[in-house]
């Protein structure tokens, strides 16, 4: 049709058009232009994250004619920077969104620039649609720019070729002269009509982004996303805007989604204004642009300048900014005028209200009437969310994960995510690519995370829908795939520590508070799939439970609701971190007993042959230890909620955990581990300054975890200790062996965790390659050790390990022939070698044939158009576009898809059909690859036991290597301890130093000689001034014993020990307010445990016992305890005290040696110089006044204190009868004697009185 005819026809329809223009333009503002910047004429990543996965019906026929298309919302045409530059418009209505902060900007990369979706009025100001169009078509680009690259939201068939009417067989793109002409009824298909605003809906489109191109470096996208269903989120590489001449492609505006309220949900701010460019005088293809923009303009006035006044816009029926806002808010209120009643009156699944004792905050009751009113997407969401009300649910919508309702409020309030504040279904969103980061952030704050993923692609759904006979709901299928908690993380990227993270279930059996409780314990490290179980009877102070919790330090706890005692809860709180997660679950229905566990094992496919194929430990516990099995049942149930039960249980990795291991290891209870700062320091609970931090120099993560176990249980057998020392000495003295070990260890990934992911079938191809490469290094290293060092290592523990390690050479060689390792590592896909997988080969061949057909078609087009420069161009999901020079005419039935100043890109029906066949073939090929990946993992997992054994042997070598490295770091002097097997205990250290302090202050630390047992007394009573180093000396002796029995060198010139059976410590002064126990009560309780459990080969450390009560009572208790230790038990140890008279009482005892920490005192200036030297004798005073002076107390206060101290000393001397034992003068013990009806006090029966005290 000519330009003149168009004008005449437009005049005839002018009146009718004016009547409808107000209605049709309302819909314009529900569409937001997608403004993006792309790399010029190269890989156009502007379409990479292009299409939204809207929840609109999946079976909508998009292949209808133009008239049908025009009745539905179309994508609008965004404008490039040049379209806005230098146009004569009102300064108050800016065409560009203002710079602002990015609420979704990920802290993972501070340099990453992300553009911001804006609401319509933010990006358009007060401009009318007509003004936007006119200003966008009246400018000339300075360089080759994208002037027409709409990316289709609809299917290929939706691009009806009838809109390209022409009389000639070939034509140029529509002339820009049509912009000033009137349109006839014939040309109305070029201008899509707009619908009025739809009700909020959660139906979704079946479009998918699987074939989007990844963003390329050099592209900076300025995206404006239309609504919360939009899945376009672009993460461009950071580049300088001045470094590229890439223009912003003209893109379609996404069709209106039915569940939006007019606000942009995924709003991401533009970092900086777009540089202005010179305007151009005329634009080509303006009529086509009008069609693409999708706005129906009744009578656009021809404007040369491209400017328009607000008044003129209003005359043309365009709403001003306030009117638009009002219309939008009215529509919003209409659909969201009241909140769901069941969200106001919250009840759990059993309809218990908040505050009810039986209220379960994990569930939500939704009445049947509400289900009937839900849209398909709402129904899908609430079906999952109603059982996860205590969990933040990340719901996948295309390229976003979205959080709704209370979860959205958390995201907004805690993490400042952009909130779409609806009355119902308020929402925040994050990009799909940043899920791991945001999930880690939520977990770090203590939240549980649920992940709901799309279980099918849009194209896959379309293929399935064609095969179904029954009509399905038009919503993409989604399902709960993961629930993440801090104690059950399995993804290596989310794990913040190389050490094990445990989730523990505790079952208690207790008849009354005064009885000894029994416990069943089961805990798991989900990153490796290892279960640990035990059952024991404890004392009323929960000593064994305290020891186990201190060793394991669980991150998450599962307890039986209303079935665990308050004493046990207090004991648990004392041992675990304040950040640990507590889960109280229902008895019987969730905290299963052994009968229920047995039924579930039989019913489920967890082990081969059901219960018969279960691990031996589990089967024996089922018949013998019901409490432990009940704890396992609770953990079993919990893992099922997290979708981890099959992955974890099917590994069969069960063992029995013995916290004390009394027959084989040095026993250290929880109190000792805390007092000696073995794993956590007393400052901030961290590992800095601890013995573990000093000694653990393992290279591999699985080596560190094994070393932690070694340190929890140092050896007791002299033979085993010497075997370890031999290996450590061999590695330390042989640099070649040391270098060989380090050479293969430092390149290994965390194989123990990675093979558990392979077993679960959740490993990425790149990680699977890392696993295979890691085992190749290990296998090669063991081969080298066998060939080169077997003669040296023979007869040692290292030689046994080298000989015992399985040789997996043949299996690994088979894997090298299975698939392309490089492609799997770099591209994340398994490409099997030809002939390895027939199904894959057939699918690959079919795809190649389809691609060949496409290129044959391209050659045909080259001949048809007589142009040899034609080629294919991929723009996002619109792949294989035929790129044609702009001066070449194309057939009339070719549909233009995008273009630049020099080239245009087209589709036609023939090309679309072939492309669709190729895309469907690729979709089916993905399913084949998924099945093939599963086969690979099953085959690898068939040798799980051999792989795990290889890891354990490697971890042991890593621990030996760590001990040799730690010895070298101790500083001189250090020595190999001499281990002496004899009946009586014996310790000898010459020039002993504290290893942790010595590591940072080697030149200033004062060493000391320590001798206990043998020909010397078993017990040293230690006196000395405050701050003289008594507590440090006590700790360094204990640590030296632990190091020696661990198999490590010790920081001494010479060391000789008899292996100890246990170490007990009573240090410091603390009360226990929660248990209503005073400082003195805590002291006596801990002392009572020591007296009950220590033996002749125990090392006991008591620091200032009796400080928590009066002088006489404290002295009496100290005397009685010390007498019992040296006379009845005969253990080795130190007893530090400030009771000088106590030394006098034991001056002639043959098993007591009186020693002091030396100090030089200047009485004139009240100055004490601490010498930190251990020497024989009794310190005459504690020099408290001198320490008070050093602390800065006022002189008047100190003078008064000295005067009072002198009076008290004289009064005590006159009162005490030198012939009486001071212990017998204690009022405390006299009261006890009367209350217990015990005979008159003697040194023999004082321990009996103390033992009766609780």
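Glycine residues also receive a Cβ, built from the backbone N, Cα and C atoms like all the rest.
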Which candidate, of 116, 149, 309, Swiss-Prot gives the annotation phosphoserine: 309
Candidate set 40, 307, 565, residue annotated phosphoserine in Swiss-Prot: 307
Position flagged as phosphoserine [Swiss-Prot], chosen from 299, 1016: 299
Selected residue, Swiss-Prot feature phosphoserine, from candidates 93, 158, 205, 898: 205
Binding-site residues compared (1027, 1028) - highest count of Cβ atoms within 10 Å: 1028
ATP site shell beyond 1024, 1025, 1026, 1027, 1028, 1029, 1030, 1031, criterion: Cβ within 8 Å of Cβ centroid: 1157, 1159, 1170
Nonlocal residues around residue 1030 (ATP binding site), in sequence order (Cβ under 8 Å, 6 or more apart): 1022, 1024, 1103, 1136, 1157
Residue 1031 (ATP binding site), number of other Cβ atoms within 10 Å: 18
Those binding-site residues listed as 1024, 1025, and which of them has the most Cβ atoms within 10 Å of its own Cβ: 1024
